[in-house]
Structure formats: structure tokens, C-alpha cells
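The structure appears right after this line, and notes come after that.
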Amino acid sequence: MGEDMRGVKVVSKWPPMIVMVTSQVAMGSVNALVKKALDVGVNHMIIGAYRMAISSFILVPIAYFLERKIIPKITFRLMVDHFISGLLGASLMQFFYLLGLSYTSATVACALVSLMPAITFAFALILRTEKIKDLKTQAGMIKVMGTLICISGALFLTFYKGPHISNSHSHLEALPHNNSDHNTKNWLLGCLYLVIGIVLLSLWILFQGTLSIKYPCKFSSTCLMSIFAAFQCALLSLYKSRDLKHWIIDDGFVIGVIIYAGVIGQAMSTVAATWGINRLGAVFASAIMPVSLISATLFDFLILHTPLYLGSVIGSVGTIIGLYVFLWGKNKETEADITTLSSRMNNEDQRV
């Protein structure tokens, strides 16, 4: 009987695992395709605005049918919180992230996203939600070591571009034709913008943790965030251009990318991530982040014929190693907490 129950538990984990891995594969392809659309010259915040608007359109019926009976009363404070959520996790984040993507590559962007757990951990220390004394434990030291490895990989990826390791003939059209100093400056600037975007996303995770307690309906919450973010992205697009004709996109490829990014990259990925995290936990969600990096690299290299650089490969590997070291420490910390809780309960039972 026990073996049958364990078998059922293992089988029940497969659907969310498959969904989350598929979601990460899709996110890698979204980054690669959006990068190609940005290369055409489209205002990156117009892409962001359309993406968030499409996400809102998709999530409205889902939120209505699944959460209409349990949605809490919408107060002014909750509206302000969702406005801030949209600013941190969508509009302002996309402003820097997509700008950085336009200067670098989908591979670099996905690699730097692997920094997010380490950055969130650093902010948790600064904001005192993570206790300094916990760093003296074995799990704490492993988490710090993982964070440092992550940062080292990101720095290597940023400051060492290296030679391209793809076939020079098949990828000739993707190589930049500007002078090398200008390319290096753009590369460094792009990495800086990406890191700023990921820092904003990390702050959003911390903020969202508080918001989800006050407003536990994830679909309608994401929908509200997307609506606010769509308007915010539209305002931020004025930074680059105030000409309304730029909102009229007649390139079929770019239109397809925007629809794909809105439906798959925003709405469906959010739904998949929410369901998967509820079923398997946030640690597993972080553990499969490198799947998007592999997906973006293969999509970039094999389909879009983007050149692959040695520095990107080495830095990406270092960042992924750091991520898994960090998650190893996080897992040990969780095990220690469970052991401590179990011993306390046993002591209380003995007293009774």
C-alpha cells in the first residue's frame, strides 16, 4: 500500500514538471524572437505595451471563471500595490531588460536571469528578512558561496565577450559591422541594463510575496498588474519616440512575435509558473531556470543563426553552477528547519 501511494505521488508530480519545463523552453524562444524583433528597429516599450495588453486580454476570462467567487474587495491600497507590482515586475523591468537584450543576445539575457535567486537573497539580507546569524550555518555558507559563484559567472560573461565559436560563414549575416570599440561599449551597457532589469524583478518577487498574502487570487492579481503595466509601458515608450505611427506595425514577423510573447511568454507562462510553484515549490521553479538558457541558445544558434561567443558560454556555465550551489544550500536550510521543527514537536509531546 505504501509503495502504491509513493508511486501515485511520483506520477502526480510529472504534469507540473512537464508544464514548467515546457514553459521555460517557451521563454527561451520568446527571448530569442523578441531580440530578433528588436533588431528590426521596433521601440522596445511598444513591444512591452502590446505584450502586457495581450496578457491582460488572455487573463481576464481565466480570472473571471476561476476566481470570480473568491476575489477580495478591491481597495485603493490594493490598486496602488498592483500599480507598484506592474512597475517593478513588468514595465520598468521590461524597459531595462529589453533595452539590454537589444544590445546583447538572448543567451546572455537568460544567463543573467539565473542571478535572480542570488540577488533576491542579497536583498533579503539588506532588508533583514534573512537573518545574518543564519549565514554562520553550513547552509548559509553554501548559499553565500553559490551567490559569489553566480556573480563571478555574470561578471565574466559581461567583461569577456571572447571570440565567436560558431561557423563564421553560416553566421556571417548576424555579425555586427560596427567598429569593435563601439560593439564592446554596447555589450557592457547591455549587460548593465539587463542586471538592472533583473534587480527590479528580484525586488518585485519580494514585494509580490507581501501582496500575495493580502490578495491571494493569482490570476486576477496578474491581470491587474498586466493592465497597469500596459499603460506604464505606453508612457515609457515616449522616451524613445512620440510619433504615433510607430505604434502601427506592418511587419508580419514582428506582429507574430508580439502575439507569441503576449500569449505564451506572459499570460500562459505566468499561469504555468503559478500552478507549478503551488504544486512543486519555488525551489524547483528556480532549479529549472537554466532550461530557458539552453532553449534560447539553441534557438539563437540553430534557427536565428546568431553567433555564439566563448565568454557567453563560459559565463553562462559559471552562473548555472552558482545557481545550483545556491539551491543546494537552500535545500539544506529547509531540511534543517524541518528537523528543528520535528524535534520541537517531539519535545512538546513528551512534556504532555
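Keep in mind that glycine also has a Cβ here, set from the backbone N, Cα and C atoms.
Listed in Swiss-Prot:
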TRANSMEM  14-34  transmembrane segment
DOMAIN    27-157  domain 'EamA 1'
TRANSMEM  46-66  transmembrane segment
TRANSMEM  83-103  transmembrane segment
TRANSMEM  107-127  transmembrane segment
TRANSMEM  139-159  transmembrane segment
TRANSMEM  187-207  transmembrane segment
DOMAIN    192-335  domain 'EamA 2'
TRANSMEM  219-239  transmembrane segment
TRANSMEM  253-273  transmembrane segment
TRANSMEM  283-303  transmembrane segment
TRANSMEM  308-328  transmembrane segment
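When each of 14-34, 46-66, 107-127, 139-159, 187-207 is checked for Cβ pairs under 8 Å to the transmembrane segment (253-273), 46-66 comes out on top. Counting Cβ pairs closer than 8 Å to the transmembrane segment (187-207), the top stretch among 14-34, 46-66, 83-103, 107-127, 219-239 is 83-103.
Taking pairs at least six residues apart, the transmembrane segment (107-127) and the transmembrane segment (219-239) share fewer than three Cβ pairs below 8 Å and do not count as touching. On the 0 to 100 pLDDT scale, the domain 'EamA 1' (27-157) averages 86 in the predicted structure.
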